[in-house]
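Just below is one structure, and these are the notes that go with it.
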Amino acid sequence: MIWIYLLILIALSAAAFLGGRELARRRAIGAKPHSRPGQHGAYALIWVAAPALLVLILASVFSAPLQRQLTAVGTPDAVAALEHFRRDAFFADAHRVGRGEPALQIWERPLAEHLPVEARRMVRIERTLSWGGGIAAILAAILGGLFALTQIKPQTRARNRVEGWIYGALFVCSAIAVLTTLGIIASLAFDSFRFFQKVPILDFLFGTQWSPQIAIRADQVGSSGAFGAVPLFAGTLLIMVIAMCVAAPIGLFSAIYLSEYAGRTTRAVIKPLLEILAGVPTVVYGFFAALTVGPLLRVFFNEIGLFLIGGPLDGLGQYLALVQNQMALTAGAVMGIMLIPFVSSLSDDILNAVPQSLRDGSFAMGATKSETVKRVLLPAALPGIAGALLLAVSRAIGETMIVTMAAGLAANLTFNPLDTVTTVTVQIVTLLTGDQEFNSAKTLSAFGLGLTLFLVTLVLNIIAHRIVQTYREQYD
Amino acid sequence: MTDATPDRIDGVAAKGRLDRLRAGLKRRHAKETRFKWYGRLAIAAAMLFLAVLLVRIVEQGHTAFYTHTVTVPVYMDPARIDRAYPQGSNFEQLAAEQQLARMGIQDDAAGTRAAQMKRLFSSELKFVAADLVSKRSEVIGETVPLAVPLSDDADLYLKGEISKDTPEDQRRLTDQQIAWLDRMQTEGVIGSHFNTALFTNGDSTQPELAGVLGAVVGSALMLMVTALIAIPLGVGAAIWLEEFAPKNKLTDIIEVNINNLAAVPSIVYGLLGLALFINWMHLPRASPIVGGLVLALMALPTLVIATRSALKAVPPSIREAALAMGASKTQTVFSHVLPLAMPGVMTGAIISMAHALGETAPLLLIGMVSFVPGVPAAIDQPVGALPSLIYIWENASERAFHERTAAAIIVLLVFMIIMNAAAIILRRRFERRW
Amino acid sequence: MKFRIFRSAEDQTGAGPVDPTETPRMGGQVLPEVTPSKARAGAEPRLEDATPVSNATVVDSPPVGPIKIAARDVSVFYEGKQALYDVSLDIPDKTVTALIGPSGCGKSTFLRTMNRMNDTIAGAKVTGRIAMDDEDINDRSIDPVLLRARVGMVFQRPNPFPKSIYENVAYGPKIHGLVSSKAEMDDVVEKALKRAGLWEEVADRLQSSAMGLSGGQQQRLVIARAIAVNPEVILMDEPCSALDPIATARIEELIDELRERFCIVIVTHSMAQAARVSQRTAFFHMGRLVETGDTEDIFQNPRERRTLDYITGRFG
């Protein structure tokens with residue numbers, strides 16, 4: 001349906017442009033117009049397209065919630081009495097019946113009678129909304145067009161007005177960024193708020209039991225499980241630390257070598273290769289972790305374990321022999337590999353921002369390159385590098401696919417890299433990809449985790465950007 | 001160098017200075033060499049990881065690009081085929097029994113041998129045969145050669161992925177099945193060829209029938225939506241920030257905002273998509289329109305940053321020249337600055353689209369984890385996407401999906417390489433030095 | 001005494017702020033004497049003594065005293081492009097030698113060959129022989145690290161490290177392992193700072209950042225850093241070009257004091273500065289050494305037409 005409206009709109013806009021141009025040409029006869037006819041045409045076009053588009057966008061954004069509201073108003077009591085998710089299923093079936101498809105479920109007596117009635121009512125509401133939106137849009141287009149036609153006079157500053165519109169449109173583009181942030185905050189905060197009504201925020205932040213699927217005690221809050229997120233935070237932290245142990249030294253030393261030692265050809269070869277490493281999608285890293293690195297590490301530790309069993313370190317051997325693919329080390333190591341190019345390219349930029357005069361000064365004192373790097377460049381670049389590492393940390397915390405595919409689901413509170421841990425992102429994916437019942441604490445907890453994740457990474461990013469910014473300004 | 005003159009004693013004492021200098025040199029140069037090696041090792045490690053990653057994927061995935069087909073002559077026994085409803089006939093059983101008979105093997109009373117033989121053929125056999133019969137009913141009573149894929153396990157054995165040396169109870173093929181496969185291969189009944197099904201089929205629960213086409217189309221539809229939304233918005237925002245924005249608090253907020261959005265974890269965008277587009281706006285779950293919207297919001301900040309740097313690279317003298325000629329600010333930007341910045345803008349756009357193509361986490365949250373058979377064609381129907389297909393296949397229990405996962409990764413990487421190469425060529429071709 | 005002879009822009013900044021009532025102490029150096037009226041009238045120095053432009057045969061008055069650095073046929077190439085052509089120059093010890101010439105003439109390039117700073121530039125190549133105390137510094141056996149500990153350098157813009165004042169001065173002795181105790185280091189730092197005339201200004205804030213010092217102080221700190229390792233030669237690449245006139249005057253005074261202990265080579269844009277601080281002057285033009293001699297001679301009786309044109313401000 002929306003396509004038809006869009007087509008009509010395009011046709012109306014084109015007509016407005018041509019008509020406006022022609023009109024301007026005619027009215028300009030004998031006068032000294034301010035703007036050219038084409039600019040008047042563009043002005044008319046904008047007045048036709050912009051209001052109509054606005055109406056269409058508003059209609060498509062608000063029609064679904066409006067439809068729900070309208071449907072809810074006239075609901076028969078039997079339907080209104082249903083549980084939330086049953087009611088949703090009923091309306092979904094009514095929708096299907098309305099479109100002439102068979103219902104998915106078999107509804108018992110009072111409901112089965114309501115179904116075709118409700119189906120017709122839903123179709124009516126939907127059609128009304130659809131037609132209403134379209135007619136409102138066309139009306140807006142016509143009104144806008146009429147207004148524009150009255151404005152086409154030789155003395156009208158059509159060019160300036162068109163430019164004003166362009167300016168406004170460009171500003172709206174930028175404002176989308178702010179709207180996105182607001183959207184993220186609103187959607188996370190809204191569902192998180194509902195979650196924290198069921199589970200106290202302190203229990204969530206400081207509880208050490210995480211088992212959203214099964215209730216541990218009968219009197220458990222949320223009555224579906226335990227929602228203490230500390231094991232997730234610990235797991236996230238553990239994997240992040242392992243990742244940084246891999247990425248920070250390798251990335252930093254690569255950057256130092258590339259910016260201080262490597263010749264032009266080496267750089268020309270290595271840098272694109274690092275970019276390839278950076279461009280590999282995370283799902284590919286996840287596959288690599290799950291099917292290559294995990295088994296490799298497991299076999300390695302199991303062999304050591306088998307070797308130790310029976311010896312003086314028998315206990316350790318027993319433990320190592322049973323290490324799993326999903327140990328924290330697997331996900332951490334692969335995430336570290338993923339972050340190498342990120343750390344390296346950021347550090348490379350930072351090192352290149354250190355003025356050449358400092359290098360010259362150090363070399364002229366008789367310092368070797370490594371002494372220059374260690375005693376002058378790194379101390380000078382330290383804040384910048386710290387900022388770069390913070391950005392990498394933020395990446396590691398928010399990374400999802402590697403951990404989802406290579407880390408476990410067991411929420412163990414441990415700092416042993418050979419144990420299985422789970423992370424915030426893994427739990428979000430797990431909670432939201434199974435069968436979900438909306439409004440259950442289990443589903444809503446994913447939004448609580450998401451909000452925590454968003455806030456933590458946001459703070460890290462703000463700090464990191466601030467540090468890097470101050471650092472760069474120092475040498476500008 | 002006799003520098004023991006008494007007046008040379010400011011700074012370091014002159015006596016024995018050179019000796020002291022020389023004494024430290026060896027140690028210092030050793031340190032230097034070591035340090036340089038740390039750098040080399042770091043680079044070597046990074047390169048090694050890249051090489052292992054790519055080699056492993058090719059190693060695991062290359063076998064998926066060919067497959068085995070068995071050609072069995074099937075006597076379309078009129079007694080066992082229902083003319084009215086051929087789909088209901090057990091063609092697999094028919095083919096298996098006849099194949100056993102041809103190989104001179106007597107089935108036991110329970111029919112276990114035929115059942116085992118049946119498991120060597122893909123279930124595709126049934127559909128091929130039923131299709132043939134319903135189209136040409138005259139084949140009933142004749143013997144027709146049917147070419148169908150081998151089942152995934154049989155295929156894996158012929159590719160060497162299942163070893164004869166594994167104890168029988170630990171592999172998915174019995175000794176007997178393996179012996180039959182060996183015999184059929186020597187008899188020339190089984191042939192290997194390029195796996196076209198991988199590129200012409202949608203997803204399937206049968207590994208030997210599963211292909212990436214559905215996901216490729218899904219990804220393409222999604223990227224189309226993303227590009228249509230993100231590129232105009234991103235370029236517009238960049239133009240405003242770079243050329244028009246007044247220096248005030250609001251502009252600062254927008255700039256900081258964009259920088260921070262670029263670093264928001266992708267899964268958060270998935271949550272946004274789930275809450276806003278699916279639960280609130282009731283857009284269809286797992287559809288390209290929702291996926292495209294989410295990816296567009298995610299790609300927006302990087303696109304803005306890339307476009308801004310392209311605009312920044314246009315020297316101010318161009319703007320001044322245009323303004324001095326009496327062009328308005330808008331005319332200057334749209335007819336002089338933007339065309340000059342276009343190669344940079346396009347490069348940034350392509351790279352961010354390539355990035356969006358590989359993004360997975362948000363897709364999982366908007367429902368692209370479920371099995372979608374076939375090839376989609378609409379932007380409001382559930383689809384699969386390449387990265388989510390990789391995730392689904394990686395999670396599948398059948399071993400034959402592992403090689404296909406790697407193959408799907410190869411397809412994804414090839415698309416990304418093509419996009420990045422296009423960006424590089426564009427940059428090289430139109431690169432301007434001011 | 002006022003310097004009224006040379007009227008290029010640098011001269012103004014170089015000489016202007018020096019209190020005319022105070023007689024600058026120029027280390028007993030004889031300053032060029034030219035009658036004021038001539039300069040005011042814009043007239044040229046007499047040409048009787050200047051030989052017509054000859055083709056590159058340099059007739060020089062040899063320096064007196066022991067030679068510290070002897071350069072023979074030194075050429076420098078950057079990525080195949082020649083920047084310096086067959087320069088042969090003797091630099092005497094305990095003297096200030098000024099390298100002058102228009103920008104891009106190769107004087108800085110030549111300066112950088114003397115501590116092999118060109119090694120740090122990719123694609124730079126040096127040919128010819130530069131001997132310091134009869135040792136070829138480009139010889140394979142010479143370690144540039146050691147060489148630079150013997151030949152210090154001060155750059156155009158002050159480039160203190162973003163560390164404390166103390167650490168800046170202690171940098172050289174520390175990396176070269178020249179001191180063995182904290183007390184010794186304190187002593188070295190204090191002496192170097194005193195020698196650079198900075199001690200009084202910074203004695204009470206040795207641990208604060210060097211970036212907080214003024215430009216002139218930073219440049220003196222950099223000189224202190226260079227002399228802390230007690231080099232034999234100090235190279236200065238337009239050390240005052242980024243400084244205000246007062247700071248310039250202080251650096252010039254410092255150079256004059258340091259001359260008693262070090263062999264100093266200074267590149268300068270400013271004729272007046274060359275005249276004030278140096279005893280020997282070498283004039284470079286288009287990558288070639290045009291003329292060298294005692295500063296006094298060069299300024300009063302240039303033998304080359306190009307030298308004359310340059311020092312009178314015809315080009316530059």
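Positions of Cβ are set from backbone N, Cα and C atoms, glycine also.
What TrEMBL records for A:233-464 is domain 'ABC transmembrane type-1'.
According to TrEMBL, the feature transmembrane segment maps to A:42-62 (among others). With a cut-off of 8 Å between Cβ atoms, the residues of this chain six or more beyond the transmembrane segment (A:42-62) that come close are 2, 5-6, 9, 12-17, 19-21, 23, 129, 132-134, 136-138, 140-145, 147-149, 151-152, 156, 158, 161-162, 165.
The transmembrane segment annotation in TrEMBL covers A:129-152 (among others).
Per TrEMBL, the feature transmembrane segment maps to A:164-190 (among others). Tertiary neighbourhood of the transmembrane segment (A:164-190): same-chain residues 43, 46, 50, 447, 450-451, 454, selected by CB-CB distance under 8 Å and a gap of 6+ residues from either end.
As annotated by TrEMBL, transmembrane segment applies to A:232-256 (among others).
For A:276-297 (among others), the entry in TrEMBL reads transmembrane segment. Beyond the ends of the transmembrane segment (A:276-297), by six or more residues, the same chain brings 323, 325-327, 329-331, 333-335, 337-338, 340-342, 345, 399-402, 404-406 to within a C-beta distance below 8 angstroms of the stretch.
Beyond the ends of the transmembrane segment (A:304-321), by six or more residues, the same chain brings 418 to within a C-beta distance below 8 angstroms of the stretch. Sequence annotations record features per position, and here TrEMBL assigns transmembrane segment to A:304-321 (among others).
Counting residues 6+ beyond its ends, the transmembrane segment (A:327-346) has Cβ neighbours under 8 Å at 235, 238-248, 250-252, 254-255, 258, 274-275, 277-278, 280, 282, 285-286, 288-290, 293-294, 297-298, 301, 388-389, 391-392, 395-396, 399, 402-403, 406-407, 416-421, 423 in the same chain. Under the heading transmembrane segment, TrEMBL lists A:327-346 (among others).
Annotation comment: TrEMBL describes A:376-397 (among others) as transmembrane segment.
Marked as transmembrane segment by TrEMBL: A:444-464 (among others).
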